[in-house]
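This report concerns only the one structure given below.
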Amino acid sequence: MSHNPVRPWRNVYRRKSRQIMVGNVPVGGDAPISVQTMTNTLTTDVAATVAQVQAAAEAGADIVRVSVPDEASARALREIVRESPVPIVADIHFHYRRGIEAAEAGAACLRINPGNIGSPDRVREVIRAARDHGCSIRIGVNAGSLEKHLLEKYGEPCPEAMVESGLEHIRILQDNDFHEYKISVKASDVFLSAAAYQGIAEATDAPIHLGITEAGGLVSGTIKSAIGLGNLLWMGIGDTIRVSLSADPVEEVKVGYEILKSLGLRHRGVNIISCPSCARQGFDVIKTVEALEKRLEHIKTPMSLSIIGCVVNGPGEALMTDVGFTGGGAGSGMVYLAGKASHKMSNERMIDHIVEEVEKKAAALDAASAAEAAE
């Protein structure tokens, strides 16, 4: 739960779920909602894949998924796992043996698709490998690849069909006394995804992996994911998320964190609050924010920064942020620290000065956290 006793209307009450482990990352229960992404390199290109995994981890990814379409990819996975700073999920479709090979290669989790993994006997083989090698499993239902008997029964991909697919495979895992699993019921349609996720959340206590599949490019996919995932998270549904974009995986991680930050569910780095700018702005807000986003990427400490072009809303927004800058006149503006007006600063020096103030505040917050942990 994101707890705010002063403003209870900001609280999000998370659905109670079992906790499993994906490598060293807890998923479900009271664990923080983890952020995932997926590589888009050829898995057999180990150097490129490892570089992408490391970049995603640096951006904050807790878990990274890698596709394992063939034997060569399964062989490459062993080295990728060895070089990865975060747990690796092996994405398995069609060939159940790839799941067995991925478990042997050290994958922390196996994603299997009920629509194409094959018979229950094949699933049992994957379960055995997962148990032997300490892997968890994600049952990854997708509207675009539902089982034939469910499409015949329901006529089209629908929430009921997706939930039934997921529950059928949960039963297979449970019948084999395997409980380290999570589930997803993804679709590219926001309405279908939301309804399916609500259905599966009511039907099981398994940890839920949230995603809108094939969401689109950076802008359209971000909007679709923010609406779909944001609404479900606000309802308390979701234990780990992956934003699917036709873009660099690092962008998926950034968008994922922004969605969580907007709901107060997880915080990482500087949350910049800025105005869209208008004729009243005392400096170029858009260019300033673009520059600050790049200059402050290295800050991992959760904190807030307001950049407002004029005094209409600037002082009020600054009251609620760690550092703030409000445009004034005559080529300068007011710097706010801890919600209070502190000193004036010229527009010319403003960006460098704000970076200094943010770094100073981040260091102070880190020191306070370290001291508290040492008590």
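Cβ from N, Cα, C; glycine included.
Fair warning: this is a prediction, and the values are worked out from it, not measured in the lab.
Features as listed in Swiss-Prot:
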type	residues	note
BINDING	CYS275, CYS278, CYS310, GLU317	[4Fe-4S] cluster binding site
Fewest other C-beta atoms within 10 angstroms, as judged across CYS275, CYS278, which are the binding-site residues: CYS278
Secondary-structure category, per DSSP, in which GLU317 ([4Fe-4S] cluster binding site) falls: helix
Residues that sit under 8 angstroms from CYS310 ([4Fe-4S] cluster binding site) by C-beta distance, when 6+ apart in the chain: CYS275, CYS278, ARG280, GLN281, GLY282, THR326, GLY327
Residues satisfying Cβ distance under 8 Å from GLU317 ([4Fe-4S] cluster binding site), sequence separation of at least 6: ILE273, SER306, ILE308, GLY324, THR326
For the [4Fe-4S] cluster site built from CYS275, CYS278, CYS310, GLU317, further residues of that chain with CB within 8 A of the site's CB center: PRO276, SER277, ARG280, GLN281, VAL285, ILE308, GLY309, VAL312, ASN313, GLY314, GLY327
